[in-house]
Structure formats: C-alpha cells, structure tokens
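**Q** Below: one structure in structure tokens.
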Amino acid sequence: MELTLNSSSSLIKRKDAKSSRNQESSSNNMTFAKMKPPTYQFQAKNSVKEMKFTHEKTFTPEGETLEKWEKLHVLSYPHSKNDASVPVFVMLPLDTVTMSGHLNKPRAMNASLMALKGAGVEGVMVDAWWGLVEKDGPMNYNWEGYAELIQMVQKHGLKLQVVMSFHQCGGNVGDSCSIPLPPWVLEEISKNPDLVYTDKSGRRNPEYISLGCDSVPVLRGRTPIQVYSDFMRSFRERFEGYIGGVIAEIQVGMGPCGELRYPSYPESNGTWRFPGIGEFQCYDKYMKSSLQAYAESIGKTNWGTSGPHDAGEYKNLPEDTEFFRRDGTWNSEYGKFFMEWYSGKLLEHGDQLLSSAKGIFQGSGAKLSGKVAGIHWHYNTRSHAAELTAGYYNTRNHDGYLPIAKMFNKHGVVLNFTCMEMKDGEQPEHANCSPEGLVKQVQNATRQAGTELAGENALERYDSSAFGQVVATNRSDSGNGLTAFTYLRMNKRLFEGQNWQQLVEFVKNMKEGGHGRRLSKEDTTGSDLYVGFVKGKIAENVEEAALV
C-alpha cells in the first residue's frame, strides 16, 4: 500500500516498486552487514548539489574559505531565514529499539510511518541509546535495530533525526521505559561513585556521567569525551552512505534528557517536584577539585571548599533561601564567582562535545544540533533560581543564553529549544513562570549570535492552543524563526481522530509559515493533504499504527 503526497518536499523516488513491496514484509529478526549507500535518485530542485546557504550570518572557521564551508555543511532539509516554511518531525517512542537490539513492533512502526508520510511530516526522530548500542562491552557496538529503522524510514521517503543519547532513560518527565547506562559503565560507577553528579547531601544521580571527569581516563582507559566520540565515529562508519541523505540530522546529547544542563531537578523517587528550584550538582570529587582550582586562580581559596551553603533544597521556592531570594547571595561577589564557574564548566562540556562531533560528521551533509532545556519556572523572579541550578547563568542582570548560542554557532550547530508550545497564562501564579518570555529571550540570543534555532514541545499536547502557540512563535518578529520543529511524541493517542486532525493542520500551517488555514474536508488542489484523505488512510491502518 502506498501513500502519495503530491505536494511533498520529499527528495526520494523509488526506482524499484517491486523491491519496495518485498521490504514491507521485512522480518524483525533481520541482520544487516555494513549498510550500502541508498539506491534512490534525487530529483528535487533543492538537492544537495544545488542547495545554497542563504543565512544572513555564517560562521566560517579560521583557515576555511566560505565556499569550502558551504560544501561541508550543506543543509539537509530546505529552510533558510528567508523561507517561512518549517519542516515538522515527530519523535518516535523511547523504546523504538528493544533491549535485545531489534526494532520494536516493526509492523506497527511501518503503518505509523506510512501515516506520518501521508500527514506531510518531514521525518521522525529516534534516540540512539548508549545503554543499548554499547551495552555488551567497550567499543562493542550493535546498530542492528537502527539499521532496520533506517531502511524502513527510507522506504517511506521520510528523513531521520538521530539523537546520540549518552544519558539514562527513566526518571524524568515523559519517560515511559528504563534504559540505564551500559552495564560496564555502571560497573565503573559502582567502583567510583564520583563518576556521576552529586548534590550537597551526597545523593548520586546515575543519569549521566559528571562533566567534571570529561578529560580523565575513568572509563577503562578512555575519557568520557573519548567514549562519546568513539560512539559517534562508529555511527558514522556504519551508516556512511545514509548520513546526509535519509539521516538528515545528528543531535548530540550533552546531559540528562539529552540536554546541555545539570540534572538539577530529578523526578525519580520524588526528589524534586515542580516548581522547586532544584539543587546545584557540583559535589563529586572531580567538580570539587575544579571549583577549588578556580577559586585559587583568582586568590579566593576559601570560596573553593564547597558550593553555596544557603541555596536550599530541591522543592524550595526562591524566597525560602538566602541564596535565591530577591536580594540574595546570587547577586553578591561570591554568587557571581560561583555561577561563572558552574555555568562555565557546562559551556566547556558542550564545547568539547560539539567540537568532537563536528570533526566526526563534517562533510557528511547532515545537520548537527544540540538541545537546551526550557526551564521557565521562576523566570519572572530576579534570580531565575531553577535556571541557575541547571547551569544557565541567567538572571535579571546577566544573559545566560547568549554565551550558549555563541558556542553553538562557533561549531555551526543548530540550537534546539523546548517549551515552544507553552503560554504564560497556562502556568500557576506561584511558580512565576514565563515560557513565552524565555522563548523570546532565546530567539533574540540565537539571532544575535547568528545561530539557527529549532524547537520542540516540552510536554505531550494535542490541543489547538499548543499547536497555535508554536505557529505564533515561529512567525514572531522578536527573533529567529524556526528551522525545524520536532513534535513530542508518536504514541497511541496521536492517532486518535481529533488529535490526528490537529497534527495534520499544524504540519500544513508550519509548511505555510503559519499562514495556513484549517484543512478542508475536500481536496480541491490535488495535494492529498486534506482531512478526509488522511482519515481514510488512517482508518485502514489504525490498529497497526497505534503504538502503545
């Protein structure tokens, strides 16, 4: 069965319909040798060969000509600052690949991808879990489940965003399954608990390796940065012929939930609850050693013995603490010293990881991106407490997002930001939230830095208000429009009638730069992208497409 989308911007045309039918019945037990380059011919006007940069500002690394830079960093899906059309991707389930390394529910996945193609989405996003791929031992990589997925995505003419997920799955908002770090890594952590982030009371967080040991060979002779780099290099070697084609984007995970931040608000075991301020994560021996060295370097040795003693606990509000209250310690000489170090370490971590990723994927034709968390609670206070504990030095007096945007731009990396769907009026008054103000600040920061901006919704939403907020954000004049939007997440509820119709209308609106109208019940343009058509196609596959 085929879904055709006459107005699609898909670059791929099948050369052999017979092989397409054969691939549809692919077994869940298939194994793959190293994948060969795709056998599709590219026909669109915006093909890799013809595509040009139209950005107002383009970072050119020292020693490289602009022409060479353009060739090495060609866009993988069409969009520019002068093009209002925004491609929409959909996140796949967290357990898309099973713990045994196979594609989960391949028949349902096939039907779901067919439906998404019919809805006009550009592609899908999947997590490449460190805990799955390298679980059998150091540098022993198993990409088989992802190979199955890539072939299936390609068959449907979709694109793929792949997240290099170096964090644990489980224990945070929306986590529906548990995928820990690789067993051999957990073994090293059991021997040396300081390898993971630690709060002031000594609680260890196993979500992600502490950035304090980034350059220390603590993982069986390799540093964490080397381990992450080897993982990414293995991915490039395995899927060489697909990166820059069906694999349009590589998102580099840089912390918990794949975000560049500290795990300051862990939900597991009720440690944190919204809208708590969270806690600083700087008490493993590697972070404490770094803090001490930084304090000594500026002649303030006594400041390096510990983090702030008056910063409260996870569930506190800012005014409950001496550090975060209106005129608190955050605004003192000591507070500025500590936040410069704490946020600086996070920036350094991101810089090292993105530098490595750029070296590995440069010239592949795929975009590189990284994710920054949308921490919107207490944004309307002076200290922005929840942002500070996460590592974003953003206060009434200090812009925390411009340095991040500049660091992303240095490496030619797209900044992917969450909470694009949220409105201020939807938030509880006591939490002093402003997701809209936060998004505007990040838009302005990326515009000022010359960095591309992409977006995600932070929470599972299906209503027109949430979709409308994303559309409004994209066409806002306050800063950068979006280069892409990734919807969270494909599941059973997404395929329900009204929810599905909202998604189809949203995709069309984003393609039209936010100026689209509600979809007609009849097709008068021959686009195959109207409600009646989609409902008919979904009805044929609804049982298979509804992933649990």
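Each residue, glycine too, has its Cβ placed from N, Cα and C.
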**Q** If I go by Swiss-Prot, the feature region 'Disordered' sits on one of 1-36, 37-72. Which?
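**A** Checked against Swiss-Prot: region 'Disordered' maps to 1-36.
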**Q** Using a Cβ cut-off under 8 Å and a sequence separation of 6 or more, which residues in the same chain sit near ASN457 (substrate binding site)?
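**A** Sequence-distant Cβ neighbours: THR418, CYS419, MET420, GLU421, ALA466, VAL470, TYR487, LEU488.
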**Q** For HIS376 (substrate binding site), just count the other CB atoms lying within 10 A of its CB, please.
**A** 26
**Q** Run through the Cβ atoms and count how many others sit within 10 Å of the one on GLU259 (active site, proton donor).
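**A** A 10 Å sphere around the Cβ of GLU259 (active site, proton donor) contains 24 other Cβ atoms.
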**Q** Take the C-alpha atoms of HIS376 (substrate binding site) and GLU456 (active site, proton acceptor) and report the distance between them in angstrom, rounded.
**A** 14
**Q** If one measures from the C-alpha of ARG489 (substrate binding site) to the C-alpha of GLU456 (active site, proton acceptor), what distance in angstrom results, rounded to a whole number?
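**A** Approximately 10 Å lies between the Cα of ARG489 (substrate binding site) and that of GLU456 (active site, proton acceptor).
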